[in-house]
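Contents: one structure, followed by commentary.
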């Protein structure tokens, strides 16, 4: 059983693929999955992307720094939305960020993070790394290390990591466990380079799994065989 976990989700978890805004069915599913682990006492941090709010690639003419700042603010919007929905469902939630302080958003202080966890809060990390040119994957890797997580879960639409695209190749092989060095050698795109290097440097386990399969989050927390686990060595 993992006691301290960082969950990284894309904004599409809230909206559906290639959609904008919030899809009620998807949000209710997320709430159900989070509630499903609440009785086990796992301290949970969440990093959510902003693809359902804003994608810089959809807008030509924006400077990358401005595009990235809009994306960071998009993660704050998602965090505020989730906090309200979570709390309406009985999930105590706090938002922390390095870029925005609002009545419902606290400035990151890692002494306080431990207090929030001990009090039973889910902690949503908003605003990415607070710097442009870094993805929310990198933000998730940083927050996972900073909150002393035992596992970083990357919730996706696929069942794990494959040797080739399973949508294109029927003989694609799924890895149950793979090392960092193997993943680099095989050029498997698990996270962006910066995020992956942070996890490798600090021996952070990464679990890539299908978030949309009922009960997978609880299975992951329990350490059951789900998705693909990336480890320092086997």
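Every residue, even glycine, has its Cβ placed from backbone N, Cα and C.
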Residue in 58, 68 which Swiss-Prot records at the UMP site where 129, 130, 131, 132, 133, 134, 135, 136 also bind: 68
Inter-residue C-alpha distance, residue 51 (ATP binding site) and residue 136 (UMP binding site) (nearest angstrom): 10
Alpha-carbon spacing, residue 130 (UMP binding site) to residue 10 (ATP binding site), which is rounded to whole Å: 17
Cα proximity to residue 68 (UMP binding site), best match among binding-site residues 8, 10, 156, 165: 10
Cβ-Cβ neighbours of residue 132 (UMP binding site) (radius 10 Å): 15
Closest of 132, 134, 136 to residue 8 (ATP binding site), Cα positions, binding-site residues only: 136
Top Cα neighbour of residue 165 (ATP binding site) in the set of binding-site residues 132, 134, 136: 136
